[in-house]
Amino acid sequence: MAPLKSWLQINAKSHFSLHNIPFGIISTPDTPEPHAAVAIGEYALDLQVFSQQNGFSALSIIQPHQKVFSEPTLNAFAALGRPIHRVVREYLQSVFLDNGPFPDVLEKNEQLRKAALLPLKDCKMHLPMFIHDYTDFYAGLNHAYNVGVLFRGPQNALQPNYKHLPVGYHGRASSVVVSSTPIRRPNGQILTNLAAEKKEPVFSECKKLDIELELGCFVCKPSQLGEPVRIEDAPEHLFGVVLLNDWSARDIQAWEYVPLGPFNAKNFGTTISAWVVLMDALEPFANAGMANDTELLPYLDEKDRKSNYAIDLSVSLTTSSGKTTNIGKTSAKNLLFSFPQMLAHHTIGGCPFNVGDLLGSGTISGESKNEKGCLLEQTDNGKTEITLEGGEKRKFLENGDTVTLTGVCGSEEGALVGFGDCVGRIDPAVQLSF
Amino acid sequence: MPSLKSWFPIPKNSHFSLANLPFGIISTASKATPRPAVAIGDHCLDLQEFSASGAFSSLGFDVSVFSKPTLNDFASLGRPVHGSVRKFLQDVFAENSSNAQVLQNNKSLQEKCLIPRDGVTMHLPMQIRDYTDFYAGKNHAFNVGCLFRGPDNALQPNYTHLPVGYHGRASSVVVSGTPITRPNGQILENPAATPKVPTFSPCKRLDIELELGAFLCKGNKMGTNIPISEAADHIFGFVLLNDWSARDIQAWEYVPLGPFLGKNFGSTISPWIVLADALEPFRSTGIPNDTQLLPYLQEKEKNVYDIKLQVDITPDGGETTTILNSNGRNLLFSFAQMLAHHSIGGCPMAVGDLLGSGTISGTEPGSEGSMLEISKGGKETVKLNGGVERKFLQDGDTITMYGVCGTEETGLVGFGECTGKILPAPKL
């Protein structure tokens, strides 16, 4: 199928082609209260302005609901449900379509174009949703295996439960921030001498600060206490996908995590990309994900449905000297469980969900050396170093390092569906005195 | 300290004496909108109605907080305001008060504001931004560790150095009285078998966990920490917390990332938040820690409380049995220490955050805070009144937790009930 062409000049390599139309929350100097927008090419279409000036006049189904575009989060829009998301997205594609059915709405409406089509560089991005609860899963099998080998050897790398259920833990919702928010290196308790008989931690800044390349998925349909979401129905509950960097303090984690799981090692910050790519935009790139040789219990059985996605993911590190190095590339196909399976599992005992809840996929790594989604794997837990452009070495992150995650589906120019950047710069730890 | 005497009828043995004045969110048949109230004896004072009369005007705070459906806005006003509101209310209810004109001599305002508690519906008192459960009940941690690893390895090396905790599921915290549905899930029937193949069934080891909860009234910006010396400013008040647990579901899922579905099917809190001010007279030392703590966790005050705790079980249509008596002192770490630890790496805390203490067990038989411990890992049955036996919870069982401080002479300060009834698992 030939790429959709717009009357708007959109660079053929843009991740915000007419095939995408991701949703986000912006503010501008003229409209400082955060409100909804979609990204297209190098522009944001300000949905508050667009709706207030009757841009949706040809779309009757959205008429009673247009206030949602003036809300400071996408929660109210998401709550309208996937049929409405679908119709709104398709309408906006039609509005931007070259020789499309609605030329008077925007193409020939200079006044509305001036008011509503804003250069992305002039927009400040905000967290796209209000996140009641955030759960991080562990479905990147290669990552789980690699980490398991580092700590337990190949025979015991994966726990007995790993392939039977999507292992996950509750994360800290308050610590999820939008791309470009600086991330402060945490202080905490660290066991510097792991081999010592008597385990005495010291208090210091984290010395093994790491990244985790993940996808995040937002929920758009709530579920009640005591009422599981069935695997057949799970896709209706999912709004869209972002990139997610689950910054991790490996040394703090090693000392604290037995037996109740990672805690302060994670809750100092988690970054998500600003533009939510709707499930419909990802549909052409649906993929089965990794094969599971374990027979799953029926509540997790998706049968032939493909709910993972062929997204090309990339991690780069920019040092404070300004040099950027690509430090990993992999595919989101490298997940053992899908978001519908994670949701069905998460609710199977009756855990309730709210619109805006966030699910993290877990670190995504491929099989080969250059496909590792975290530095822990890339450096064998700090045994080896990676070499950056210009010759600097890294085991873990240094202050001033900026990490950028990107993701894009497809290879056809003019039809790329991407996520924008998921960026964070490491700031020095707070100096605490006692 | 003599008890404050009231002109208002407060039963001598009420947990809601004038020494208490806990805050909650109520609704009534005549007015369905949830709004703030204070419990007093067998009644509650509707704070929306009371503040509409102008009664609080001398205190100079924004009374619109008492027209909100949660206590978050009131809590945000800070501890000095909480303190002045509570003192004012104590004075308004006191015998020979200088403020008798406010309520004592105002029959029509009494009719508007004072509502019998048995006619009132309680709601979650706060909008919970995030919920974290700690593990600071050392006797519980030791008992459970013994069951799985023997006494020499019962406690992990980190246990006495830091308050171990995990993020909980905020959406699953419910108010007392909410029915709790037995979860279905993956269970490893035979842990000794190889290979390990789980089955899918209702939880067969459904348990309780007797805990205290602390609500925050002040947060911190991401990247900053809350010093332990300031922790008290951030803590609003306390509730009882039942961290219902599915032991079999937990056993299969929890390695390596911690408890998950074993917990997030429901956690119950009592509806009346006892303010930190009300617990002042009951400060106590907790379980002594012979580990030298890092400076950020060292505290000067005694930040644990002497609270008598009790848990009753009532089978469907059956007799009630008290299955344990414990005390809030049975904690290795205080809430101040939990808060200092939680924020030490820059985690942002917020108004409405809930911290759970972890299961509170004593050292004596009859003081263990979970059925896992009482039944010695499910090996021994517990004999209840009426000839009934239990290892874990059965469908139809109601668990009720109580907590109270002080004496009738000085005025009891209690938490009301933290109760829940187990409903059968859905058939899927």
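Quick reminder: no glycine exception, Cβ is built from N, Cα and C everywhere.
Caution: TrEMBL annotation is automatic and unverified by curators.
TrEMBL lists B:His140 with the feature active site, proton acceptor. Non-local neighbourhood of B:His140 (active site, proton acceptor): B:Gly358, B:Thr359, B:Ile360, B:Ser361, B:Glu368, B:Gly369, B:Ser370, B:Glu373, each in the same chain, at least six residues away, with C-beta under 8 Å from its C-beta.
Of all Cβ atoms in the protein chains displayed, 27 besides its own lie within 10 Å of the Cβ of B:Glu209 (Ca(2+) binding site). Per TrEMBL, Ca(2+) binding site is recorded for B:Asp133, B:Glu209, B:Glu211, B:Asp243.
The substrate binding site annotation in TrEMBL covers B:Tyr135, B:Arg149, B:Gln250, B:Tyr254, B:Thr359. B:Tyr254 (substrate binding site) is surrounded by 22 other CB atoms, counting those within 10 A of its CB over all protein chains shown.
For B:Asp243, B:Lys263, B:Ser267, the entry in TrEMBL reads Mg(2+) binding site. Cβ neighbour count for B:Ser267 (Mg(2+) binding site) (all protein chains, 10 Å cutoff from its Cβ): 27.
Each residue in the domain 'Fumarylacetoacetase N-terminal' (B:19-125) gets a DSSP state, and the totals come to 44 helix, 22 strand, 41 coil. Among the features that TrEMBL reports, domain 'Fumarylacetoacetase N-terminal' is placed at B:19-125.
Positions annotated as domain 'Fumarylacetoacetase-like C-terminal' by TrEMBL: B:132-403.
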Less than 8 Å, Cβ to Cβ, versus chain A; work out which of the binding-site residues B:Tyr135, B:Asp243, B:Gln250, B:Ser267 satisfy that and list them by sequence.
B:Tyr135
List, in sequence order, those binding-site residues among B:Tyr135, B:Glu211, B:Asp243 whose Cα sits within 10 Å of the Cα of B:Lys263 (Mg(2+) binding site).
B:Asp243
Let me know the most crowded of the binding-site residues, choosing from B:Gln250, B:Thr359 and counting other Cβ atoms within 10 Å.
B:Thr359
Environment of B:Asp133, B:Glu209, B:Glu211, B:Asp243, the listed Ca(2+) site - residues of the same chain whose CB lies within 8 A of the CB centroid:
B:Leu210, B:Leu241, B:Asn242, B:Ser245, B:Lys263, B:Ser267, B:Gly356, B:Ser357, B:Gly358, B:Thr359
Of the binding-site residues listed here (B:Tyr135, B:Arg149, B:Gln250, B:Tyr254, B:Ser267), which is spatially closest to B:Asp243 (Ca(2+) binding site) when Cα positions are compared?
B:Ser267
Closest of the binding-site residues to B:Asp133 (Ca(2+) binding site), Cα to Cα, picking from B:Arg149, B:Gln250, B:Tyr254, B:Ser267?
B:Ser267
Let me make sure I understand the structure: which of the binding-site residues listed (B:Glu211, B:Asp243) has the fewest other Cβ atoms within 10 A of its Cβ?
B:Asp243
Considering only the binding-site residues B:Tyr135, B:Arg149, B:Gln250, which residue has the minimal Cα-Cα separation from B:Glu209 (Ca(2+) binding site)?
B:Tyr135
